[in-house]
């Protein structure tokens, strides 16, 4: 089943005399249950792509479909509903609410509009158990380590059972141990919960936890690498492709 | 200079607020200064009050108080603006700008901003001076016309003083940007502060206890005081007041800093998983603001309480004093046997009404106290006869040994908060014991010609009273210019008094009270003649002036305190916008995000208002029980106006945060 479908996506910033194309005719697709990484050098358009997928930004031309919904055609209220029900977010800087406890932070997506689900407590307990946060539920974000904070963000992204989880450099603020731990959890979420994850990253090691990597350069599709063996081999493939990306030739996209 | 102007413009949001509020304060200061130098006004007031220099002295005193307040307010505002830019200063130092040069720029910025504020404030002051003068003249009942008030001396004084203040502010800012360690500068200030659970809960509870105890003691002020020995009451009362005030100050601080944030957090935790995030965020943000701005909120709450109490009390005192003045001299002229002959010579055609009283000492008991007083006892039939010409006197419903007490100290004959009900009785030294059935502060013919208290008893009881006969006459001359001149001439003459010796023998009832024209030892005294028109004019001018000063100072304080709160919340909102943006990204409807902003602003503004109103009501209720026939209407109006102005600032704050933030624009509508 097709989860994300990006078709001929173009995003141009600026006005008539100062136009910058962040994305140019970008097309790719993600199937349900995939763990896909988006890689590319700075200025490649990764953040623009993520913002469009997150409905924060609008494309100049092209369409994006998520779980059968064309997100560009949504009304304001439908956009808010789409974010609440279909998307989960994991940010580089966690973006937790400092005044709320861990429990409140995790349950935020379910308490944005009425009614509050009757099984909120059990869903909180389940997601907290999955990410080993049960003992931390009544603490405040400032009382947690950065790794723990990112796990809270992951739990928040998961609790509403969204069809797609968007992760923007989720390990960017973590040390290597915490990063490995989080990536392990994301893999677990992908495999056990069967969640589709789309992750933007610079780091080849982080990307090696994905099933497939889409490389973009100058706003267009450059290449993709699919994991067919061990993670170590996949890691090496990613490094090779990243090296090619620095001066290589574009490969045909998978449609 | 150009760089300073550029920097001020770059931070124009905060600077505009500082300039506008500073200009408003300076405008009022200028108007007060210019008014105090207006000779026509001072002369008219002196003529009406028959006392010179009261108006210029009062205006100057209030101006100095407001100047001190303005300086404090400007320092406070300056610190808030400085805090907002601390990261910018850190970066500038990091990039190589020396502390001296940065400090110099800050001094220059402070001076330029103050200069702009002064130009705006003084210009506005010239315009509003006429309005303020008109309000003062109206309240004082004077007949003077004033134009725009022009006072170069006041301008010079204010300019020099406030420029020196600005230079000092700039120097403080300059000193604050010194220091070698730049790391604290580069870190953002924590927007929120976690509630401390240990100790805080107890401090909060203790604070609430102290506040409530303060209110209860204030309500039971009189019975508490009456339990103290007579000679210790003055100092005891002062001590009690200091204790109440200290308890209230400490209690309010603990409630704001510890109690409320913890209770709000506990409330939110109790409903964890059951409330929407907008409610949860509102409560936690309010708790966070209370913690982070505990000092400002405490100060604002105190100022709100003091302002509302002062305004309410001043209004009540104005109402009471005006009514008291009208009660004091009811008939146009009232005379006693001592002055009858001379006054009748000046007003020979005036019709008269006579009241015969008997002077006798009596002891009032009941409630928690016992009071000895000199009573002018009159028969019910005489009282009712006079009441036909003085309809404001209350109707009489006496039977047997019942009596009506006439006194201005009604509090002595009333049941107070926390007191057991015991009927008040008066044991007359030479006469029957009567039970107090009615109390009034309306004296037949007027209060001035009574020594201490009046007592109306049935005709049968009056016949049993043995006392010194004391006759009073009310004169009602025709309202002509000649009469007015004659009354004014009499009023300007030497004030004559009557005395009754307050000796042990009189108090014990062994001797009848004896009227005398000269004082000797401890005495009761009264005016031997009273004139209505001159007293009324002087009273209205004096009380009107007092009310004018209180209203003006109150207005300035409410505007300044609400502005501090506005600025603090706007600055704090800058830091919390990111959190609302995250929530919107997660799918929070823009209307809910806006609701969080408005409810937070409302919650924070409500705190000083609620505590302030409670304090003012407690104080006014206490005052209410101490004065005769209090006028609560004007106090209620003034406090309502205060609340409306404060809520107006809350609305402005919400609008400002709404307009300046991304809330409502970044996110989609639900």
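Here the Cβ of each residue, glycine as well, is placed from N, Cα and C on the backbone.
Since we're looking at a predicted model, the values are computed, not measured.
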Correct range for transmembrane segment (source TrEMBL, candidates B:542-567, B:568-593): B:542-567
Annotated stretch (transmembrane segment, per TrEMBL) among the listed ranges B:84-103, B:184-203, B:204-223, B:264-283: B:204-223
Among B:54-77, B:204-223, B:235-255, B:542-567, B:633-652, stretch most in contact with the transmembrane segment (B:149-172) (C-beta, under 8 angstroms): B:54-77
Residue numbers, six or more beyond the limits of the transmembrane segment (B:54-77), whose CB comes under 8 Å of its CB atoms: 17-18, 21-22, 25-26, 28-29, 32-33, 35-37, 41-42, 45-46, 158, 161-162, 165-166, 169, 172, 296, 542, 545-546, 549, 552-553, 556-557, 560, 563-564, 567
Other parts of the chain folded back onto the transmembrane segment (B:235-255), taken as Cβ under 8 Å at six or more residues beyond its ends: 203-204, 206-211, 213-214, 217-218, 221, 224-225, 228, 294, 298, 301-302, 611, 615
Residues from the same chain, set at least six apart from the ends of the transmembrane segment (B:298-321), whose C-beta lies under 8 A from its own: 249, 252-253, 256-257, 539, 543-544, 546-547, 550-551, 553-554, 557-558, 561-562, 564-565, 607-609, 611-613, 615-616, 619-620, 623-624, 627-639, 642, 646
Average model confidence [pLDDT] within the domain 'ABC3 transporter permease C-terminal' (B:62-175): 88
